[in-house]
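Novice: Below are the structure tokens for one structure; questions will follow.
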Amino acid sequence: MSLKLDGKKLSLEIEERLRNYILTNKTIAKRNPGLAVIRIGEDPASGVYVGNKEKACSRVGIKSYIFHLKDTVEQKEVEQLLNKLNLDNNIDGMLLQLPISKKFDEQRLISFINPEKDVDGLNEQNIGKLVKNEQAMRSCTPAGIVNLLKSQNIKIEGKKIVVIGRSLLVGKPLSLMMLNLNATVTITHSKTINLNKICKEADILIAAAGKPNLINSSFVKEGAVIIDVGIHRLTSSDKSKTRLCGDVLLEDVIPKVFAYTPVPGGVGPMTVTMLLVNTIFSWQKQFGLSSTLNDLLP
């Protein structure tokens with residue numbers, strides 16, 4: 001029977017440890033950690049994601065500050081807000097909820113975030129440190145995947161890992177993290193020739209393509225580990241029902257693989273949990289708190 005990598009269960013376990021860590025250390029810091037989230041526009045999915053982050057913060061004792069701006073806001077106004085938050089000592093972590101309208105220079109806005117507060121790990125300084133394998137904020141989804149694998153003692157070193165997708169949020173930072181952990185990494189994308197053949201060589205296959213049910217059993221070798229980063233809401237043909245699915249046709253691949261992540265309840269919860277970890281990491285550094293935070297992770 002295939003092993004389900006239960007991200008929801010692991011995230012709740014880590015959250016409990018984080019909550020206790022904050023309770024133990026907030027008397028020294030004299031305040032709880034603070035996370036600022038900037039949301040621009042009315043994208044419904046962004047609203048759900050921001051709400052999930054706010055609830056997770058509340059569960060562990062992080063104070064969340066939500067800044068919901070209208071689409072009519074100007075680039076300069078967002079930059080001014082980011083600069084203000086950089087200087088706010090009550091804010092340990094900051095993130096710009098993506099995606100945002102194409103009228104904004106997204107990368108310029110991210111570059112305005114203090115690297116020490118960049119809990120999404122997208123600032124060029126943090127990406128550069130990741131390339132050099134130096135300590136820095138790590139992108140949340142890739143870090144969540146690494147910890148999910150570690151929690152089940154799934155070996156990364158020496159393994160052939162194929163990543164489908166090259167986004168700045170997942171594919172690129174994840175590939176670098178795996179390389180830093182001594183895996184042999186292949187990055188594939190929409191222009192890759194013979195994708196099926198390349199994927200079938202993977203000991204660990206990570207699907208972050210953004211295409212529902214792209215990966216079936218013909219892409220997967222016997223005994224592989226498959227990580228599904230995708231999440232999509234599909235509507236039935238009569239439009240009466242919707243259901244969530246990932247990039248992987250799970251019912252087709254499960255009989256063939258050693259381990260897999262479900263959708264929902266796999267990578268998603270771990271992404272939010274690593275956001276909490278990054279925020280607390282910044283808080284810990286600011287106040288010189290006990291460095292046992294890493295001991296709370298797998």
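Heads up, the Cβ atoms here are built off N, Cα and C, so glycines get one too.
What you are looking at is a predicted structure, and each value in this text was computed from that prediction instead of being measured.
Annotations for this protein, taken from Swiss-Prot, read as follows:
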type	residues	note
BINDING	GLY165, ARG166, SER167, SER190, ILE231	NADP(+) binding site
Novice: Among GLY165, ARG166, SER167, SER190, ILE231, which the record lists as binding NADP(+), how far apart in Å are the two most distant Cα atoms?
Specialist: 18
Novice: In the structure shown, with every protein chain counted, which of the binding-site residues SER167, SER190 has the densest set of Cβ atoms within 10 angstroms of its Cβ?
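Specialist: Sorting the candidates by Cβ neighbours within 10 Å, the top entry is SER167.
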Novice: Counting across all protein chains shown, how many other Cβ atoms sit within 10 Å of the Cβ of GLY165 (NADP(+) binding site)?
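Specialist: Other Cβ atoms within 10 Å of GLY165 (NADP(+) binding site): 23.
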Novice: Relative to the Cβ of ILE231 (NADP(+) binding site), which residues of the same chain, six or more apart in sequence, are found under 8 Å away?
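Specialist: Once residues fewer than 6 apart are set aside, ILE231 (NADP(+) binding site) is near LEU244, CYS245, GLY246, VAL263, PRO264, GLY268.
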Novice: Specify the count of other C-beta atoms within 10 Å of the C-beta of ARG166 (NADP(+) binding site).
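Specialist: For ARG166 (NADP(+) binding site), the count of other Cβ atoms within 10 Å is 18.
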